[in-house]
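Here is the structure we will look at, set down as structure tokens.
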Amino acid sequence: MEKIQEGPENDRKEQRVPQKQHLTGCLLSAAFFGALGSSFLYGYNLSVVNAPAKDIKAFYNLTWLSRYGEPAAAETLTLLWSVTVSIFAIGGLVGALVVSYLIKVLGRKGTLLANNSLAVIAALLLALGEKARSFEMLIIGRFIIGMDSGISLSALPMYLGEISPREWRGSIGQVNAVFICLGVFTGQLLGLPEIFGHVSRWNFLFVFLAVPALLQLCTLPFLPESPRFLLMERRDEARAEKAFKVFLGKTDVSAELEEVHAESRAQNTLQMASALELFRNRAVRWQTITVIVTMACYQLCGLNAIWYYTNGIFEAAGFNKATIPYITLSTGGIETLAAVASGLVIERIGRKPLLIFGFSAMAVCFTLLTIFLHFQDSFSWMPYLSFISILAVIASFCSGPGGIPFVLTGELFEQSYRPAAFMVAGVVNWLSNFAVGLLFPFIQNALQTYAFMVFVVVCVLGAVYLLIVLPETKNKTFVEISQSFSKINKISQMPDKEMEDVFPVKPGQVEIGDGLKGQTASPNDINSFTNDINIKDSNAVEMESSF
């Protein structure tokens with residue numbers, strides 16, 4: 001057998017085949033407790049107000065009577081309840097607008113920890129509003145918990161994306177979606193009449209908000225900050241190295257540190273970009289458009305309409321009112337199972353196929369739901385087909401669109417653009433959320449059983465856009481993902497851009513930095529070095545040419 005000669009070329013080949021990183025207890029703990037006090041609360045607040053709606057309205061009416069000596073008018077009561085529900089999205093929008101500034105000052109983990117104070121304050125206001133006979137406390141509490149959700153839905157995916165090895169980044173990122181689903185399911189479960197969905201116990205539903213926040217507050221301080229944040233924004237290499245070692249469970253993290261250094265050298269700027277700069281910079285134009293389209297489809301695809309108006313949809317489908325809370329509970333269970341399944345296969349199948357499949361399947365299921373609702377009065381068994389269609393819509397959503405948009409927002413941008421990207425994604429997310437909650441009743445009144453066809457159009461357009469524009473991002477570095485957009489952005493993504501940051505060019509000569517400081521090199525020497533960089537970065541060049 002011929003012995004393979006050792007040399008630089010073989011070393012390069014070995015470096016291009018990294019060993020798969022094992023998940024560590026620290027990484028799993030950060031994902032679990034980070035999501036428990038963040039995305040779990042968001043999901044919980046999506047469903048928690050459904051069960052006690054009638055009891056809360058009765059409390060509003062009783063409070064109005066005690067203050068003004070007469071019951072509240074039907075229009076007033078409807079307005080108060082609408083504000084209570086919709087102000088959650090307004091709070092989320094405010095949280096999304098301030099999150100980029102918070103993570104710059106406090107860091108990723110620090111922002112999550114500080115955010116727990118909002119959850120505790122909101123829990124107190126919502127739980128004590130009945131005792132204080134103040135519906136204003138409930139409205140303010142919903143606004144504050146909305147702010148908490150707006151901050152956490154940006155800070156948590158950013159934190160998880162930056163602490164995860166690239167071969168596990170999708171699976172760890174899907175923890176965010178799994179806990180949103182668990183939160184929805186928990187809100188439905190605790191809202192059952194046998195638990196807290198009772199006229200004398202509904203305020204305990206809001207006391208529960210403090211429990212996940214306190215658990216996160218007790219555990220997250222013992223886990224490291226994002227090593228990428230420490231190295232690239234705080235310039236603290238010692239803490240970054242220690243954080244990498246703890247998260248990855250190994251002593252030699254030189255490759256991870258070098259990857260971060262390479263990303264830092266390849267960036268156009270080391271300053272954190274603003275949202276305005278994000279829109280102005282042609283190098284990230286299609287990444288920004290992709291995040292906006294994906295996040296808008298995430299909200300406008302119709303799932304929130306099902307959550308907001310589940311009871312009405314099931315009543316229209318012909319189900320008995322007494323059984324609807326238990327039927328609704330099954331939807332939360334299906335959602336959770338589908339999200340878990342997506343997290344298990346995302347690193348094998350990839351982000352792009354799951355997103356396209358999810359939106360396409362939702363379009364088919366919404367079409368079937370429209371047909372079944374249209375003929376529900378003709379056949380006694382038709383409501384059951386409507387119920388199956390709703391479950392299929394939920395499962396399709398959670399197979400990809402339910403969590404991957406948050407993963408993509410962290411993957412499509414390098415470090416200096418990431419906070420601004422999450423702020424833009426958050427604004428689009430919450431504005432779209434508010435639009436669905438506000439407009440769907442009018443759409444339903446105008447189109448009747450054809451209302452869901454609006455969501456079919458959104459899902460189809462989203463799937464077509466992703467098929468044409470989005471490259472696959474699994475198991476790629478952030479630099480490689482950015483390079484894959486260079487052709488569509490119509491920019492030249494040259495390997496020697498990184499080299500120019502290391503070797504500043506002067507007129508008539510090139511000065512070599514670091515170990516060869518003080519020496520000069522000719523343009524031929526630089527070309528030779530560029531060829532070597534091209535060999536090491538062949539994966540990025542192959543992706544660019546294929547795109």
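In case you wondered, yes, glycine gets a Cβ from its N, Cα and C as well.
Residues 112, 115-116, 119, 145, 148-149, 152-153, 155-156, 159-160, 163-164, 168, 172, 175-187, 208-209, 212-213, 215-217, 219-220, 223-224, 246-249 of the same chain lie 6+ residues outside the transmembrane segment (22-44) yet bring a C-beta within less than 8 angstroms of a C-beta in it. Look at TrEMBL and you will find 22-44 (among others) tagged as transmembrane segment.
The annotation domain 'Major facilitator superfamily (MFS) profile' is assigned in TrEMBL to 31-474. Per-residue pLDDT, averaged over the domain 'Major facilitator superfamily (MFS) profile' (31-474), rounds to 89.
Beyond the ends of the transmembrane segment (79-103), by six or more residues, the same chain brings 45, 49, 53, 56-57, 60, 72, 111, 114, 135, 138-139, 142-155, 158, 229, 272, 275, 308, 419-420, 422-423, 425-427, 429-431, 433-434, 437-438 to within a C-beta distance below 8 angstroms of the stretch. What TrEMBL lists as transmembrane segment is 79-103 (among others).
The transmembrane segment feature in TrEMBL is assigned to 110-128 (among others). Listed as Cβ neighbours of the transmembrane segment (110-128) (distance under 8 Å, sequence separation of 6 or more from its ends, same chain) are residues 34, 37-38, 41, 99, 102-103, 137-138, 140-142, 144-145, 147-148, 151-152, 155-156, 159, 203-204, 206-210, 212-214, 216-217, 220-221, 225.
For 140-160 (among others), the entry in TrEMBL reads transmembrane segment.
Look at TrEMBL and you will find 172-190 (among others) tagged as transmembrane segment.
The feature transmembrane segment is assigned by TrEMBL to 202-223 (among others).
Annotated transmembrane segment per TrEMBL: 289-309 (among others), in sequence order.
A Cβ distance under 8 Å defines the sequence-distant neighbours of the transmembrane segment (324-346), meaning residues of its chain 6+ beyond its ends; these are 47, 50-51, 170-171, 174-175, 177-178, 180-182, 184-185, 187-189, 191-193, 197, 306, 310-311, 314-315, 354, 387, 390-391, 394-400, 402-404, 474. Among the features that TrEMBL reports, transmembrane segment is placed at 324-346 (among others).
Under the heading transmembrane segment, TrEMBL lists 353-375 (among others). Long-range Cβ contacts of the transmembrane segment (353-375) within its own chain (Cβ-Cβ under 8 Å, at least 6 residues beyond either end) map to 294, 297, 301-303, 316-317, 342, 345-346, 382-383, 385-386, 389-390, 392-393, 396-402, 404, 449-450, 452-453, 455-456, 459-460, 462-463, 466-467, 470.
Counting same-chain residues at least six beyond the ends of the transmembrane segment (381-408), those with a Cβ under 8 angstroms from any Cβ of the stretch are 153, 157, 161, 169-170, 173-174, 176-178, 180-181, 290-291, 294-295, 297-298, 301-303, 306, 313-314, 317-319, 327, 330-331, 334-339, 341-343, 346, 351, 354-359, 361-362, 365-366, 368-369, 372-373, 375, 425, 462, 470, 473. As annotated by TrEMBL, transmembrane segment applies to 381-408 (among others).
The transmembrane segment feature in TrEMBL is assigned to 420-443 (among others).
Long-range neighbours of the transmembrane segment (449-470) within the same chain, counting only residues 6 or more positions beyond its ends whose Cβ lies under 8 Å from a Cβ of the stretch, are 286, 289-290, 293-294, 297, 300-302, 305, 351-352, 355-356, 359-360, 362-363, 366-367, 369-370, 373-374, 401, 408, 440, 443, 488. Here TrEMBL flags 449-470 (among others) as transmembrane segment.
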- Compare 172-190, 202-223, 420-443 by their Cβ pairs under 8 Å to the transmembrane segment (140-160) and return the stretch that comes out on top. 420-443
